[in-house]
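Enquirer: Attaching a single structure in C-alpha cells format; questions to follow.
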C-alpha cells in the first residue's frame, strides 16, 4: 500500500517549529573551560579518502580526536575489526589513533591495501573518520618493443601513439628526442591530452629528429622512456591542399561527463593543408569568460570549477582556406554530494530543545543515513526525546542521558560525505572568562567598548551597572552586545566610574568590574608656521601642546616625514624647535608630533631657505600669489550630542595669507550630494567646534580663502550622525485657501534636514471653523499639503500645522486663519434705475447678500432699444466698492435694459436686471425685446448669438470687463438677417438689420472714486495687438503691460505716461494670451486680467485682387465688351430692331445659360483687407465667401434682377455693402451677361 503524502501545511508547521528552536551554546576556547567540561569525542585530523603511499616508505594513516575524557581508538579494515596487536608491523601512536605500518623488517606494502576507518570513543559517545582507501603507488616499466620507421606522405596527417603503462597515480607524459631535446610544438605539431603526438600535416623537416614518449611517475620520482619513433617522409612535387578533418575526437559529435567542482577539458585536433585554425563556441550562449581558457594552441578548452550551468553543447570549428568542419561535444555535469547545511555540535542545557540538520545536494540527489555512535539509528536504543524528520533530528526536553555522537552519511554513485556532530547536555553556573577589575583609559568624546566575556549553561543573562546603581545600562548612549560587551558611543566626563557586569542563570550568577577613566585629548594649540629664512640666520618653530596631565607627553619632530636628528645646530625644547645657522639642507617640511600612550596630534610647517643675502626675506613678496591649496586630513573629535570639533591641516597658501576658512556640510537624507555653508572661521585657526542639529548624518569639508580666491574643497570628512530629538520648530508659510467651492487646501513650506531633528518627519494638521466650539479635526501628513473636503462656501477656519518625528512633537504651533473656496456671488441687492432728466440715467445698487468670497468688482451690461430694434451692447467694469453709475443717453427716444452682476475670483454671479423708464415722447410703447445673452469670451473672440446662448447654458463663461473695438462683417440678404460684430474680446449680436454697421462704439463711462485702471481694450491681429485703457492716476504716471502666452512665457512692456495706444509686437498667430495693466509705482493697483487670441496668419502670397494685373486686364476687356455691346444695341434700336425678352421672374436659369449661375461679378473690397478666416486660392484668386450668393439669392423668393418688361439697364456697379435695400423690395443688378441675353 502506497504511503499517503502529508498535506503542505504539515511541512510548513515543521519548518516553523524548527526555526523556533533555541540556539546552541558555544564552548569558549578558554583552556580552563575546555579541561573542566565533559565532552564527547570529535575527529580533529584524518587522512584523505584516497590515500596513495610510496612503497619505499612506512605507511602512515592519520586519525586524531579530542574529548573529555580523552577518547580511545580502534580501526576497521574492509568493514572488519582490525586487530592491531596481532600484526607486529602495525602500531598506534600514543594518545592518538594514527596507524604506523613499518616495513624496515620486511614485508610487502601491497598486502595492506584496503579500506580503513577510525573510531574514537569515550563514555559519552563514538566519532568516526572517513573510509580511507589505502593504495600503494605503482610505476611499471615500459614493455620492450622494436619500432619500425614510420613512412608517411608529405602533407598527410600523422599520430604517434604513446600508450604509457598504467601507473598509480597516472604519469605525466612529454615528448623528447633520443638526445633529450624537447619536441617543438605549435599549432601543426602538438601533444594531445591522452599523450599521443599529432601532426596536422607532415613536412620534410619532421625527418630531422626522432620522437620518444616519456612518462614521469610522481611518487617514485622516476622517468621512463619509450623507444623512439623515426619518420620517413615521401616527397612529391607539390603538396595538395586539403580541407580540414578531425584526428581527435572522431566523427561529428561526442559526449563527455564531468563532476561538479572539477575541471572540464575539451579537445579538438584537426588535420589539413594548410594547418587549420580552431575556434570554440557554446550553443545558446557565451563561454564563461571568468573561468574558461584556451590551451594547446586553441586545440583545448579548459573550464575550471565546473558547475551545473556549464552543461550544454560545445562545438569546435576547424577551418582553413579550403573549408571548415565542426565537431559537437555534449557536456553533462554530475555532482558528488556537497554540503548545503553540515551538522554542527549541539550543546544544550537540561530541558532545552535543539536540532541537528544534515542537508546535502548532488546529481543524482544523494540519500541521507543517520547513525549514532557508529551504529545505524534504526538499530540504536529508542529515545523518546528524539525525533527523525528526514535530514533533521529534533531533540525535545533533553537530559544528561541524551549525550551522544551522531553521524550523517550522504552518498550517491559519485561519492559520499560523512560528518560527526555530538549532542552534549551541560548544566554549568555562570563563569567570567576575563581578568577581574581591569582598568580602561579612553580619550574624551571617543567611542569605546568594555568587554565582559562569560560562559554558562543555560546561557546566562548579562546586565551592566555603573557605580553600583540599580539601573541597567542599555539604550541611549549605551549598547550591550550578545557577547556581553558594553559599547559607549561617545565618552563624556560623567561616564568615568566603575562598571559592573553580572551574568545570571538558574544555577547562579557571576560578576566582574571594569574601572573606566576618561582623559582629555592631546591637542597642539599653537602650531608651527611656514617660514622663509636667509641662510645663516636662526629659525624657531613653535609647537605648544595641551594634554591630560595624568598622561606622559612626548614631543618629537619629523623632517620630510622622517625622524629628525637633533644635532649641534638644533635645540629641542618642550614647546619649540630652534635651528641655528640655517643652511640650504635645512629646507623642507617639519612636523611636530605630540603623543601620549592613548592618542597623538600632528602639525606641519615648511621652511624655505634663501641662499642670496640680497633676496628679500619676505617669501610672499618674492613669489607670485595664487589661490590656496585645499585643506587636508579632516578629523572629527570631541564628539558631543550637539557639537563636534573639526580639525584640518591647512594647505599651502601660495604666497597669499589665508584669511578665512569656510566649513560646509552635506547630509544624505533630504538632499544627498548638496553642500551647504555651515560656518566661517578666521584663517589663523585650523580647528573649530561646530554646533549641530539633531538627527543629521553630517559630512564636512573645508575651503580655504585668501585675497586671490577660494581653494578647491577638501576631501570630505567621515560621517557623524547626531542623536535625534523632537522638532524645535514648525513649518512656515502655512496657508489655507480654497481651490474649489467646497474645499480648502492647507499648504506649508516643508522643513529641511537640519530642522527635522529625527526620523520619519511628519506634520499634524488641525483645523476647525473659526469662532465655533467645534472640536479640532486632525490628520497626519508626510507631504506639504492637505485638502479638506466638503466645506461650506467661503468660511474662515483656524489652522494649525505641527511638526512631529519619532522622538516627539514640536512646539505648539501658531493658529493661522484660512478660508474655504469661493463661489459665484448672488445678485446685487436693490438694483435701482432713476432718470432725473432726458440726458442722464442714474443707477444704484447694494452689495450682494451672499458674496460667497471676496468681491473683485461688478460688471454692468446695457443695451438701448426702441421697439424691436436693438443698439450696441455696452459693458462697464466697476471696483468692488462702487455702488453708483450714470449713463449719458445718446438717443433720447430709446430705452435701456441693464444687467448688473458681481464678481469673485470664481467668476460673475447671478445678474440683477432693470429697464429705464419709457421716454415721454415715446408715442406707442412697445414691449422690450427679449434679453440678450451676456457677451462671453470664446477662444476665437467671435461668438454668434446662437453660440453665446449655448455657451451660457453649458458652462460658466468668463466675462471680459472691457469696451470692445469692433470690426463689422455684414451678410447681405433680403430675408431676416443677422449682423455679427467681430471684436477682440466681446461680440454684440442683434436680430435687426440696421442700414449700416459702424466700425466702433462710443461708451459713456464714469471713473471710480479711488485710483484704478479700467476699460482695457485689445485689438489683436495675427502678430500684433493694440492696447488701450482708462485710468484716474495723476498725469505723468507710468504703467506696465504684462502678458503671458499659452506656453506660460511672461513678458512685460513698460509704458511712459500718455503713450497710449500701445502696440504689442512679435506675437504668435493663433495663440491665446492673458493680459493685465498695472501701475509702475504701485503694482497692487492693476486692471482685471483679460484673455485674447491672435488671428490665424495669412499666407505670404496673399495679395489684393484689385491690384493684380490679370484682374485689371479682365475688367478692361469686360468694359470694352460692354461698350461694343452698347454701341450695337443703340445701332439696332435706331434701326427699329427688336430683341427677345426672357422672363426671369419665376423661372431660374436653365442649363443652356450656365454663365448666369456663376454669380454676379461684384467685387467687395473693404480697406484692402480680407475677412478674418479667408484664404487665397492656389491660382491667386479670392475664394467665394458665403456672402457671394448666387443671382437667384439676390432676389426675394427666387426672383431675378430684371425689370418685368425685360428691358436691359446698361449699368455696371461694384458693391460696397451687401445690403443695399431694405424690406422685400427686389434689387436690379446688371452685368455683361444680361446684356448678352438682351441681344439674343
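In case you wondered, yes, glycine gets a Cβ from its N, Cα and C as well.
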Enquirer: Kindly point out the range from 1090-1110, 1111-1131, 1132-1152, 1153-1173 that Swiss-Prot annotates with transmembrane segment.
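Expert: Checking Swiss-Prot against the ranges 1090-1110, 1111-1131, 1132-1152, 1153-1173, the transmembrane segment one is 1111-1131.
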Enquirer: Looking at 820-860, 861-901, 902-942, which one is region 'Disordered' according to Swiss-Prot?
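Expert: Residues 902-942 are the ones Swiss-Prot records as region 'Disordered'.
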Enquirer: According to Swiss-Prot, which stretch among 710-740, 741-771, 772-802 corresponds to the feature region 'Disordered'?
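Expert: In Swiss-Prot, residues 710-740 carry the label region 'Disordered'.
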Enquirer: Which residue from 409, 654, 1026 is recorded in Swiss-Prot as N-linked glycosylation site?
Expert: 409
Enquirer: Residue counts in helix (H, G, I), strand (E, B) and coil for the domain 'Ig-like C2-type 6' (521-603), per DSSP?
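Expert: Helix, strand, coil within the domain 'Ig-like C2-type 6' (521-603): 3 helix, 42 strand, 38 coil.
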Enquirer: Measuring Cα to Cα, how many angstrom lie between residue 481 (phosphotyrosine) and residue 752 (N-linked glycosylation site)?
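Expert: That separation, Cα to Cα, works out to 34 Å.
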Enquirer: What is the interatomic distance between the Cα atoms of residue 485 (phosphoserine) and residue 409 (N-linked glycosylation site), given in whole Å?
Expert: 39
Enquirer: Given a 10 Å Cβ-Cβ cut-off, pick out the one of the glycosylation sites 866, 881 that has the most other Cβ atoms nearby.
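Expert: Checking each of 866, 881, the winner is 866.
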Enquirer: Averaging the per-residue pLDDT over the domain 'Ig-like C2-type 2' (143-230), what integer do you get?
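Expert: Taking every residue in the domain 'Ig-like C2-type 2' (143-230) and averaging pLDDT yields 89.
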Enquirer: Per DSSP, what is the helix/strand/coil residue tally across the region 'Disordered' (710-740)?
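Expert: Per-class counts: 0 helix, 9 strand, 22 coil.
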Enquirer: Counting every protein chain present, what is the number of Cβ atoms, excluding its own, within 10 Å of the Cβ of residue 485 (phosphoserine)?
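Expert: The answer is 16 other Cβ atoms.
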Enquirer: For residue 305 (N-linked glycosylation site), what residues in its own chain, 6 or more apart in sequence, show a Cβ-Cβ distance under 8 Å?
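Expert: Same-chain residues close to residue 305 (N-linked glycosylation site) (Cβ under 8 Å, separated by 6 or more) are 261, 263, 291.
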Enquirer: So, by DSSP, how many helix, strand and coil residues make up the domain 'Ig-like C2-type 2' (143-230)?
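Expert: Within the domain 'Ig-like C2-type 2' (143-230) the tally stands at 5 helix, 32 strand, 51 coil.
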Enquirer: Name the one residue among 446, 778, 866 whose Cα is closest in three-dimensional space to that of residue 752 (N-linked glycosylation site); these are the glycosylation sites.
Expert: 778
Enquirer: Residue 446 (N-linked glycosylation site): which of the glycosylation sites 409, 483, 778, 866, 881 is the nearest Cα neighbour?
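Expert: Closest recorded candidate to residue 446 (N-linked glycosylation site) by Cα: 483.
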Enquirer: I need the nearest neighbour of residue 778 (N-linked glycosylation site) among the glycosylation sites 409, 483, 866, 881, using C-alpha distances.
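Expert: Its closest listed neighbour, by Cα, is 881.
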